[in-house]
Amino acid sequence: MSEAGSAFIQTQQLHAAMADTFLEHMCRLDIDSEPIVARNTGIICTIGPASRSVEMLKEMIKSGMNIARLNFSHGTHEYHAGTIKNVREATESLASNPIHYRPVAVALDTKGPEIRTGLIKGSGTAEVELKKGATMRITLDDAFQENCDENVLWVDYKNLTKVVKPGSKIYVDDGLISLLVKEIGPDFCVTEIENGGMLGSKKGVNLPGAAVDLPAVSSKDIQDLQFGVEQDVDMVFASFIRKAADVHEVREVLGEKGKNIKIISKIENHEGVRRFDEILEASDGIMVARGDLGIEIPAEKVFLAQKMMIGRCNRAGKPVICATQMLESMIKKPRPTRAEGSDVANAVLDGADCIMLSGETAKGDYPLEAVRMQHAIAREAEAAIFHRQLFEELRRVSPLTRDPTEATAVGAVEASFKCSSGAIIVLTKSGRSAHLLSRYRPRAPIISVTRNGQTARQAHLYRGIFPVLYREAVHEAWAEDVDSRVNFAMDIGKARGFFKSGDVVIVLTGWRPGSGFTNTMRVVPVP
């Protein structure tokens, strides 16, 4: 052990990671143990007024942002095109410095099949107070579309009276206002206000338990997705996915030109949780969208859904994102609550590939502090994972295979634990070799070298992959080309402090040029 102990890379909670039981693992965690240098979890930031400028985006990239999320529930196409341009400008401005350069991905978050209320007294900014116990009439009569008040509220979902029944709940504005349905007419229902408050215009409506039959992809979504293809976004976060057919519909809209865009399905209601397996099968990844989920299912059950979804994604080897309210209090305060710190750490311990910030970076007062805080918590949590048990279980559930790349990936991760390697270096074109390594959750960062920009950007969705973009011309001698890419990864790893001369790294390469031939693993001392 003394020899492995001198490899400074792996001191991070190593004693705990190799315990025999989970209880023993917890007993051995040590607050004075230094976390790993690399952070393995991806950080997704929503870009909005607080973070749109090139200057701010540069700082966010330096602080650790990997994926920029654009929320298409708000803003025009011009606005989002400007944001995308700024993100790319900020990313490329750091390209001259290969150490700081990170290929940042762009994600388009669709509005999805939302139900919204009408305008209060004809104005977008007016508010009325709803009093507990009062009666509120919900109407589908378009005469009230721009003329709602404390007595009558118009909603834009025409089948409302068919899907709710007396005793149903209707939630408005993220669950802040709740209404209890008393009686139902042909184009209206009478409700009692259970929870009052100030109601503004065009607020979101949730109908927990109702079988809402809205199209998965609205006409606005179709325009937004086509815009995304033109803008060359890397991934789509598809809102309110309820079944596999919804995912296929999004794929169809993306079409041939957008066939390489990753589709991450957002699970936000009971039906989505119930039909999780078919959705996972059809998607490239999953987002646990805890905001709407916490209204659609009881708040005390959200953590169960989170653990179940993360577990099934880890088992299937697909990326999973934990989102909503992770550091919510940092919208207004420079430090998170203790509960939020715990929440971020536990999402990482559960096995999330990425953690997301919404309002914290889009409209908050402390966007940079929020990114740095997530980065710091994630590093500590990653060191505290019970790697010994996790690797054995992941290896056990992975199907038997004759695919050389899969077999090599398992071997490489096992070897990386055995020799406490500073990193696993992999050369990849499509990204698949790196994704397979990520699936087995090595402690060491996976430095994935590729010439394909999109492969590099999408790799941020997977835990532990540190993508680097290799921009030199292809060498005519293939073996020389392999060596120059491996050396490039070594230089970056040393400059970033992942390892130093004399440490060992594991190198995965193919036996011939092209995609799909990765089958050679070498254990190499760092020069």
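Heads up, the Cβ atoms here are built off N, Cα and C, so glycines get one too.
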Annotated companion of ARG69, GLY291, ASP292, THR324 at the substrate site, Swiss-Prot, chosen from LYS85, LYS262, LYS266, LYS307: LYS266
Three-state secondary structure, ARG116 (ATP binding site) (per DSSP): strand
Those residues of the chain, 6+ apart, with a Cβ under 8 Å from that of ARG432 (beta-D-fructose 1,6-bisphosphate binding site): THR405, SER515, GLY516
Cβ neighbour count (within 10 Å, all chains shown) around HIS74 (ATP binding site): 11
Sparsest Cβ surroundings (other CB atoms within 10 Å) among the binding-site residues LYS203, ARG512: ARG512
Which of ASN71, SER73, THR110, THR324, THR428, all binding-site residues, has a Cβ with the fewest other Cβ atoms inside 10 Å: SER73
Long-range Cβ environment of GLY514 (beta-D-fructose 1,6-bisphosphate binding site), under 8 Å and at least 6 residues apart: LYS429
